[in-house]
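Below: the structure, in structure tokens.
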Amino acid sequence: MGAAIPSFGQSDCARLIEATSSGELKTMEKFFDKGVSPNCVYQVKNGPRTALNAAARENQVEAAKLLLSAGAKVDLKAKGDATPLIAAARNGHTEVAMLLLNNGAKASRNVSGNGNALIAAAKAGDYELAKALIDKGAKVNSNVPRDGTPLLAAVNGGNTDIVKLFLAEGANPNRSSDGDGSPLIMAVKKGNLSMVDYLIAEGADVNKAVDGDASPLIMAAKKGNTGIIDLLIKEGADVNQEVPGDETPLIAAAWNGHLEAVKTLIAAGADVNYFTREKGEIRSPLKMAKKEGHKAVVAYLNQQGAK
């Protein structure tokens, strides 16, 4: 028969995790001597937790080293929780993350609801870790449900250096994700003109529409960002592009009351009488501006011959 597995209460596991979170190495060693497993899982209000995950969250480098030397599984995650590597990356704890990587943590592991380590590093703006993860096999074009892609995360955070890194490593500038749109649409949402310019230069499609997120020009029109509108038009965006459920750029600008955007679009050739049908309702720039009470926009559209 094999050796008996030491028994211990959940309270012991909880106290080990607490000691780990505080970096109390001697206390941790006492629990190991007592037979508490470094891989024990403790149930808390927000879900189950492990000691190595706690070390990663709290940036306890020495505690993480002690756990690993005691036999902690480097990729162990409790149900519904992130892996230690993702937890470290998410919190910007580069040293812990590098320790985990160097002890065999899987750089490319995806966890639904928690993304992956590369997405987390991109969100945290951690260039050093992002580069190390790619070197260890993390995929720059990974797409995790509800968490998007690494490039989207970097664009969302305005982390230009990481965006450049991902594109240099082969990230697709046109890859979209449900709920987050495309990298270019994300940059437009954020009002980041220089990012928009850079993405276009790297091959982003100015007319690529995404379900539920319009197109880059329609998004810019919704936001009323004339600088981005000008750039997109200069780069070939269609001023009369219709996207089901998101209208046209001019309808979007008029509907949201952005007079300068309306002027810019009309000057670029937008049709003031172009209308769409949505669930039986006719929508035109003039009708939607009137509906929302945007008097200045209504007056200008009338001057331009809107009906």
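Cβ atoms here come from the backbone N, Cα and C positions, even for glycine.
A TrEMBL annotation is a machine prediction, not a hand-curated record.
Features reported for this protein in TrEMBL:
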- 47-79: repeat 'ANK' (REPEAT)
- 80-112: repeat 'ANK' (REPEAT)
- 146-178: repeat 'ANK' (REPEAT)
- 179-211: repeat 'ANK' (REPEAT)
- 212-244: repeat 'ANK' (REPEAT)
- 245-277: repeat 'ANK' (REPEAT)
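Through the fold, the repeat 'ANK' (212-244) approaches residues 176, 178-182, 184-185, 188-189, 191, 193, 196-197, 200, 206, 250, 252-253, 256-258, 260-261, 264-265, 268-271, 274, 276, 278 of its own chain, all at least 6 residues removed from its boundaries and within a Cβ separation under 8 Å. On the 0 to 100 pLDDT scale, the repeat 'ANK' (47-79) averages 94 in the predicted structure. Here the repeat 'ANK' (245-277) has long-range neighbours at 209, 212-215, 217-218, 220-226, 229-230, 233, 237, 239, 283-289, 291-292, 294, 296-297, 300-301, 304-307, meaning same-chain residues at least 6 beyond its ends whose C-beta is under 8 angstroms from one of its own.
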